[in-house]
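Trainee: Below is the structure I would like to discuss, written out as structure tokens.
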Amino acid sequence: MADLLGSILSSMEKPPSLGDQETRRKAREQATRLKKLQEQEKQQKVEFRKRMEKEVSDFIQDSGQIKKKFQPMNKIERSILHDVVEVAGLTSFSFGEDDDCRYVMIFKKEFAPSDEELESYRHGEEWDPQKAEEKRKLKELAQQQEEEAAQQGPVVVSPASDYKDKYSHLIGKGAAKDAAHMLQANKTYGCVPVANKRDTRSIEEAMNEIRAKKRLRQSGEELPTTS
């Protein structure tokens, strides 16, 4: 019985200490603040969306406007504005390098921007339709010239005058032709005639000559010297 009572008492949670109570209190306060911040952020999004809906509605009703540029926004605000524009049946794009500097431009469907206009905005430039039209015409002209050049084939460049006529008063018209003659290689240059290379003696005659030279050399060495 005592063992059973002891096990029951040990399994029961101990009353919280003063430190545990303080920790729980701070946790509850932090959760309350977080919930309040979330509600404030949600309310701010609702108010921002209502303001964007009002601006987009005014833009649609203004027949003198075909596009509208908004101030730089953060990522969440841009997302809300894009959603409002899509619901309204308009077109929107974001431009800008840094995330903090990115802004949204909206266009009416019947005045949707061209690729050249979008490229201009992406480079941070103002769109000038007149300059764009001039640039387009120059591009078409250059392309047309390239096609015509390709059809004509490679250009053959001819000299303005013949060099022989230019210097004929110095060298004469037939000088170049007379100077061009056939050169024939000298077959004997640097070579020994075959007849000079060949030894016509027999082996026996050659050996007798070698022995005679050897005896003559030995007899010369044996001669006594005179005092």
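If you go along the chain as it appears here, the first residue is 1 and each next one adds 1.
Glycine too: its Cβ is placed from the backbone N, Cα and C atoms.
A quick note: this is a predicted structure, and the numbers were derived from the prediction, not measured.
The compositional bias 'Basic and acidic residues' annotation in TrEMBL covers 21-46, 119-140. Annotation source TrEMBL lists domain 'R3H' at 46-109. TrEMBL lists 1-46, 118-160 with the feature region 'Disordered'.
Walk me through the surroundings of each of these features.
Mentor: Counting residue by residue with DSSP, the compositional bias 'Basic and acidic residues' (21-46) contains 26 helix, 0 strand, 0 coil.
Long-range contacts of the compositional bias 'Basic and acidic residues' (119-140) within the same chain: residues 93, 95, 97, 105, 113, each at least 6 residues beyond the stretch ends and with a Cβ under 8 Å from a Cβ of the stretch.
Counting residues of the region 'Disordered' (118-160) by DSSP class, helix then strand then coil, yields 29 helix, 0 strand, 14 coil.
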